[in-house]
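TrEMBL annotations:
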- B:365-577: domain 'ABC transmembrane type-1' (DOMAIN)
- B:24-46: transmembrane segment (TRANSMEM)
- B:58-76: transmembrane segment (TRANSMEM)
- B:88-112: transmembrane segment (TRANSMEM)
- B:118-137: transmembrane segment (TRANSMEM)
- B:149-167: transmembrane segment (TRANSMEM)
- B:173-192: transmembrane segment (TRANSMEM)
- B:230-250: transmembrane segment (TRANSMEM)
- B:257-277: transmembrane segment (TRANSMEM)
- B:283-302: transmembrane segment (TRANSMEM)
- B:361-390: transmembrane segment (TRANSMEM)
- B:411-430: transmembrane segment (TRANSMEM)
- B:436-458: transmembrane segment (TRANSMEM)
Amino acid sequence: MSNTTSDDSLITTEVQADSNDDRAAPAAGTAVAARDLDVFYGDEQAIDDVTMEIPEKRVTALIGPSGCGKSTFLRCINRMNDMIEICRVEGDVEFGGKNVYDGDVDPVALRRKIGMVFQKPNPFPKSIRDNVAYGLKIQGFDGDVDARVEESLKGAALWDEVKDQLDSSGLELSGGQQQRLCIARAIAPDPEVILMDEPTSALDPVAASKIEDLIDDLAEEYTVIIVTHNMQQAARISDRTAVFLTGGELVEYDDTAKIFEDPEEQRVEDYITGKFG
Amino acid sequence: MATDNANADGFGEVSRVRGIVFEYLSLGASVFGLVALGVLLVYVAIDAFDLANASPEWLLTYFLTLVVPFLAFCLYSADDAAVTRRALGALGGGLVAVAALFTAIEALVVPIPRLNWQLAYLFVVAAPVTAYLAYVGSGGRVGAVGFGLLGRLVGGVAVGLAAGTLFLVFDPLLWFLAYTLGVLPAVGLYALGRLRSSPRAQTATVPVGLVGLVAAAFLREVVATYPSDLLIYLWTIAIPVAAAGALLVGDRRGRTAAVAVGGAPLVVATAGGFLASSAGLPAPTVLLVLVLTGVPTAVYVSRVVDAGEGLAGLGLPFLLAGGVIAGALVVQTFGFPTPEPWLDGSFLTAAPSRTPTDAGLYPAIVGSVIIIALVAVLSFALGVGTSVFLEEYTPGTGPLGTLTRILQVNVANLAAVPSVVYGLLGLGLFANLLGLGIGTAVTAALTLSLLILPITIISAQEAIRSVPDDLRRGSDAMGATRWQTTKNVVLPEAMPGILTGTILALGRAIGETAPLIMIGAATTVFRAPDSLFSRFSAMPMQIYTWAGFPQADFRYGVVAAGVITLLIILVGMNGTAILLRNRAERGS
C-alpha cells in the first residue's frame, strides 16, 4: 500500500484502499451496465459517452468533483431523471440484461427492483413501521408485513434502537437513524440494486461511520452503487471506483485499490491527492 | 469622520422611529378593530338574551351558582397558586375598576344605553377571566377530562342534530338500501381483510360497495315495503355506532365493559326514540342525538376510568347542570324578575311569524345546514381534485403546461369575482339551463360551491406545493405510481393546510346573502325544506329580511337572536373542522 501524499496540499489526503479483499477476488456477474451513455440537460451535456459495467453484490463508488455527472449517472439507472423535464438520455443502460430505456420498460416497475437512498434523509411523516412497510404496501405485498419490517430494520442495523417505538413517527429519530430508516425502507421490498446518492454527507462522522459499516454488510446481498464526495469513504467501503471529471467524462474505472494507489491517469491522481477538484 | 475619539460616546445612534411608529399604528388599528367588534357582539348578545332587563339579583344568583363553581373547578384543575392569586386579583380588582369607571362615565360624560356596570363587569372582566381559566384549567388532567366529557356531550348533540336535519331532505329509504347492500358489506369485507391481513378482501371492498350502491339505487323503486324510519335509523346508524364504541372498549377492557358501553346508550336511545315518537317529537332525531352522545361519552368515561387519572373531572357536567337548576330554584323562590331572551328554545324550533315573540329560525337553520353540508362535500372534493391535478399531474412545459398556467391565472382571478356575479351564473346555469329550479337548495349549494371553489383550490394548491419534493422523490424511487405518491405521501402531508383553506371558505359561504338573492331563494319559508328541490331560506337571508321589518322588536331582538345563532353554528362548524385538522396534524 503506497501512500499518495501531496506536499503542496493543506489537507493530508492520505487515503488507503481498505481490505475489501474478501469480496474483491472472484469475478462477479454484471448487475448494471452503461453503453455509450450521453445525458443532456437542455443543451448542456451532463454525461459524456460513458461505458461501464457494474458488478453485482459489490460496492461500486462513483467519485468526482461537483457537477461531474455522477449523481446524474446514478439517476439514469432507475430512470429518476425522467422526472426532470429538460433531461434527455441517449445510449443504453442495461439492468439484468435489459435496456431500461427501451420503450416497453415501465419506469415504475423498474424502480421497484432498485432501491434508492438520498443525500438528505427523507423519511415519510409516518410511523417507523409504515415507513419501512411503504414499499410493501404500494407493491401489494401479500405476506407477513411485520416480519418483513423487522427483517429490514435488522438489515439496516436499526432494529435494536427502535423496536419499542415502531408506532412513533420516523421524523422523531436522529439524522443518522433517519438515514438508516431510509435504507431499511429501500431494502424492505428486496430490490436487486441499491443506489445511494451521497448518503452520509448530511450526517455527523459517527452516524456516517455506522452507515459505512452498514453498506459493507449490504453488499453481501445487494449490488450497492454509491455516489460520494468523500474519497476516504470511497476507499474504505468500495470494491470498485469510478472517477468522473468535469463534463461528465468517465476518466478511470477500476478496482478501488488500483485507483487509489496507482491510477493510470495523471488527472485522477491529481484529483485524489487534492491538486484538482 | 473617523476621528480618534469617535467611539468615545458609544457608536452613535441609528434611528428606529419609523419602525416604532409602524409598530404602534398597527397595534392601535388591530386593537381598535377588535374592540369595536367586541362591543358590537356584546350589544348583540345583550339584545338577543334581553340582558338589559336582567335584574342585578338575577345576575348575581347565576354568577354565584354557575360561574363561580366553574371558576373553582378550573382553579382546582390548574392547581397553581400563582394562577389562583392572579385570577382572584383580576376578578376583585376588575369589579372595583369597572364599577368606578362606569359610574364615572355615566355621571360625568354620557349615559351608556342598555348597559349597567354589572353587565359591563360580566363582559369585560368575568368572561375573559373565565375563558383564560378554562384554558389554563384544561391543561390540568382534571380539567382535560371535564372538558373532554363536555365536548363529547355537546359535540354528540350537535352531530346528531345535524345528521337528523340532513335526513329531512335525503331519502332515508334509499339510505337504508344503500347501507344494507353497499356500505355494510364493504365495511365488513374491509374488516375481514384487515383481520386476516388478506389484501384481496380489501381490494374487493370498493367494487362490492359500488355494486351495492348501484343496486340500492335501482331497487329503491322496486321494493315496496320498508321498515319505519325509526327502525332504519336504529339499524343503519345507532347499531353501528354502538358496535364501534363497544369494539373500541372491548379491545382493552373485555366483554362486559364493551357490552355496557355499546349496549346501555343503545337501549336508552331506542327507548328515547319510541317515547319521542309517542310524544310527537321527531323520533329519529332523538334517537340519533341520544346514541351519538351516549356512545362516545360512554367510551370516554370508560377510558378515563381505565386510566384512573382526573376522575373528578367527570363531575363537570353535573356541576354545570346543578348550577343551572340551583339558580332557577333560587330565582323562583325569591321571585327575582327574569329576562325574557329572544334566543330561546322556541326561537330555534319555531317557524317565522308576524309577531316578534313567536318568530323562529328553524326552517332557515335547516336550509343553511343542508346547504353547508352539500357545499362542504362538493367544494372539498372538487377543490382537492383540481389542485392535485394542477400541482401533481400537469407538466410545467409544453402545450399542457401553457394550458395549466392559463388555468392558474384564471382560478386566481375567479377568486376576486363578486358574489353577485356567481349568483347570476347560478341562476343561468343551474336554475334555468340545468333545470334544478329557482331558489332550490341544490341550486344554492351548487352556486355557493362555485363561489368558494377558487379559494379552496388556491389554498389547497399552496398546501400541496409546500410538501417537500424530497418526500415525492423518496416515494417515486420506491416504485410508487404518481397516484400512489399523491395518495399516500402528498395528500396526508398537505391535509392540514387544505382543511384550513376549506374552513375559511366555508365560513364565507355560510354567511353569503347576495348570490342567494340572485338565484331567487325565498326570504322567508314557513316549513323546513323536505327535499333538495324544495324552496328554502338560509339564516343570513332570514336575518336580512327581519332587519327590514318595521317593528323595533324584530329589528333589535329577533335579528340579534338570529345573528347569535348564526355565529354559534359557524363557530361550532369551524371548531369541528379545526379539531379534525389538528387531529390530521398530529397524525402526521
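Backbone N, Cα and C atoms are what each Cβ position is placed from, and that goes for glycine too.
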Can you tell me which recorded stretch out of B:58-76, B:149-167, B:173-192, B:230-250, B:361-390 has the most Cβ pairs within less than 8 Å of the transmembrane segment (B:283-302)?
B:149-167
Long-range CB partners for the transmembrane segment (B:173-192) (under 8 A, at least six residues beyond its ends), listed in sequence order, are 167, 198, 201-202, 204-206, 208-213, 215-217, 219-220, 223, 226-227, 232, 235-236
The transmembrane segment (B:257-277): which same-chain residues, six or more beyond its ends, come within Cβ distance under 8 Å?
230, 233-234, 238-239, 242-243, 245-250, 283-284, 286-287, 290-291, 293-295, 297-299, 302
Contact yes or no, the transmembrane segment (B:118-137) and the transmembrane segment (B:58-76), 3+ Cβ pairs under 8 Å, gap 6+:
yes
